């Protein structure tokens with residue numbers, strides 16, 4: 001590395017006036033007295049040795065393009081120093097060397113003033129040879145074609161990474177500038193809030209001072225009344241001494257008409273009139289406590305290792321978080337006045353029905369606020385449930401969205417969810433930029449949204465293990481599917497997860513066609529149709545996935561493990577990928593195919609979890625003829641968006657409440673771990689953001705191994721394992737080549753077929769099964785390697801002829 005750095009610096013320090021001294025001074029005289037005599041006249045900053053090196057590279061070799069292979073040696077040295085794989089470094093060195101030779105020849109053909117410095121003796125010699133053999137225009141065309149081919153096939157990754165690095169740098173620079181501006185705006189806002197707060201404190205101090213004055217005045221009045229009462233007491237309590245009439249005020253005394261003697265006005269009259277009566281205040285009820293929301297720890301996804309390598313050593317780059325739009329810098333506060341008015345209306349309605357509330361607490365979410373009401377011990381929960389419609393009508397808003405939870409799970413309280421006046425939007429970027437998503441250890445992490453307490457909900461699809469989504473048109477189902485797929489694209493490599501996309505509506509999942517070389521496996525007979533749109537082909541695709549499930553169970557049985565996690569830990573070189581099947585509209589498939597669709601979906605839902613196959617099924621008709629009892633029983637995790645009626649809500653969730661949602665991403669999430677559904681605001685991701693992500697991934701180099709699912713059975717088949725075994729009798733087109741490869745290396749493994757023949761994992765496994773059935777390799781024995789039963793190629797050719 002140091003030699004390469006020195007040589008690069010010496011070449012850039014080349015000076016033409018140094019050349020005469022270097023020509024007359026051989027290498028072996030660099031330490032002689034003659035060298036000392038000319039050392040002071042050398043212009044190269046690295047002295048005589050640097051001048052000698054620069055003249056050698058520029059005049060003798062390739063000119064200034066000589067820097068390119070020197071830079072290649074520098075990169076190779078860096079790989080050695082960091083103990084990285086040498087393959088990429090050697091590949092880059094070869095590219096720089098070939099590119100330097102081609103550029104040197106091109107400059108040797110040109111007539112530019114600096115052609116001598118840009119070509120060197122070697123470049124001019126190559127240029128002379130090419131122009132003599134194929135002529136001047138042919139030489140130019142050949143060198144240009146070579147440069148284009150080298151750049152496209154060998155230097156493309158470097159150029160793409162460089163452009164991505166530069167764009168990422170400017171993106172982070174822009175983000176830094178925006179962050180500085182946001183910080184300044186925040187400081188100005190805090191300063192203004194401080195000024196308003198101080199002004200309010202001064203006003204409060206003045207009001208408090210006035211209140212103290214009024215209190216002192218009232219206290220003096222009460223003392224004066226007490227003194228008058230003490231003076232009047234002797235005259236009232238002494239029976240022997242009559243009340244002295246002449247000692248009272250000069251005004252004539254009032255006479256009681258019922259008696260003949262005059263009666264003095266008692267002193268209590270003066271006590272009643274002197275102090276000011278306190279105003280009567282209405283009953284306000286318990287004070288409302290506003291609970292703070294969850295503060296999620298933020299994390300920059302771009303700080304992780306964005307550049308990774310797949311199992312077949314293809315470089316892959318995760319999409320940058322900058323492809324998603326930033327959330328608007330909006331005020332995170334809420335309308336306390338609206339909350340107070342809502343609380344007063346709620347308590348007023350409860351008082352009408354003589355329901356006492358001991359404590360009330362409020363949690364403000366992105367779109368709704370949850371009022372937790374702790375009732376008096378004598379109040380029964382059944383009374384609240386019977387008043388659900390009355391309370392909802394009393395608290396009704398123009399947009400609806402009111403839901404009553406009686407009781408709240410784990411608390412001695414009921415909950416009332418009411419829309420807030422200032423909803424806060426939730427965007428995709430805000431839920432991905434959190435610590436729990438960046439550093440998760442889940443197999444298939446998916447982001448669902450934000451809860452009422454502003455907590456980002458991240459769950460593992462592999463643990464669900466399947467997800468059923470239902471809701472009316474426009475409620476947010478398609479956006480939710482985009483959110484789930486985007487979560488997986490930001491967290492998993494192409495060799496870790498694949499998608500089978502079934503879109504009867506033909507337009508919802510169209511942007512994901514660009515992922516065909518990375519995340520979308522091919523299905524025999526449907527190679528051109530990356531996203532399945534035809535209902536009959538959707539049935540074939542689901543049956544193909546069923547066969548993949550059966551094949552994986554065979555591999556698990558041979559390896560002696562129970563699930564995909566144990567298999568991947570034991571067979572790291574032949575690790576299985578997770579397979580996520582997305583059906584965007586189940587209702588259309590059930591109407592057109594009916595029983596044919598229900599059967600493979602049911603089999604996958606019942607059995608596919610252990611082998612890493614998971615379903616995401618969406619429908620806008622949550623009726624019992626679409627979501628049948630068999631399907632519903634095998635989907636413990638469900639999402640309900642806004643639906644039309646309580647019946648639809650009970651069909652999808654087994655409880656009502658989805659009919660009260662707001663729409664536009666407002667949803668209820670139910671899983672096997674929950675006793676009651678949880679209200680979540682689904683994040684929003686636009687189609688332009690989805691297009692940017694898929695385009696970024698689609699432009700990257702494709703995987704070397706093609707991923708192919710098993711061939712689906714005929715329409716008369718039922719997808720059983722017997723049909724699978726019969727269909728395997730038709731050999732794969734790569735069967736003979738795989739047999740020759742295995743016999744030649746005397747080694748049989750799925751990873752060998754993947755690397756050498758560029759086959760996907762599933763197809764390579766099927767070919768290995770066919771080799772086993774043909775007697776070429778032995779049966780698998782757990783983690784032990786298979787034995788090659790055919791020892792030479794002659795015996796193999798004889799066996800292949802007999803098989804034909």
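Using the three backbone atoms N, Cα and C, a Cβ is placed for every residue, glycine included.
What you see is a predicted model, and the numbers here were worked out from it, not measured in a lab.
Pulled from Swiss-Prot, these are the features on record:
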- 474, 475, 476, 477, 478, 479: ATP binding site (BINDING)
- 714-723: compositional bias 'Low complexity' (COMPBIAS)
- 453-650: domain 'FtsK' (DOMAIN)
- 206-254: region 'Disordered' (REGION)
- 707-729: region 'Disordered' (REGION)
- 61-81: transmembrane segment (TRANSMEM)
- 89-109: transmembrane segment (TRANSMEM)
- 133-153: transmembrane segment (TRANSMEM)
- 158-178: transmembrane segment (TRANSMEM)
By Cβ distance under 8 Å, which residues at least 6 away from the ends of the transmembrane segment (133-153) in the same chain are close to it?
95, 98-99, 102-103, 105-106, 109, 127, 159
Chain-internal residues, separated by at least six, CB under 8 A from residue 477 (ATP binding site):
469, 470, 471, 584, 618, 620, 641
Indicate the candidate from 475, 479 with the smallest number of other Cβ atoms within 10 Å of its Cβ, considering only these binding-site residues.
479
Neighbouring C-beta atoms (10 Å sphere around the C-beta of residue 474 (ATP binding site)):
13
Considering every residue in the domain 'FtsK' (453-650), what is the mean pLDDT value?
89
Return the residues near residue 476 (ATP binding site), defined as same-chain residues 6+ apart in sequence whose C-beta is under 8 angstroms from its C-beta, sorted by sequence, else 'none'.
641, 663, 664, 665, 666, 667, 682
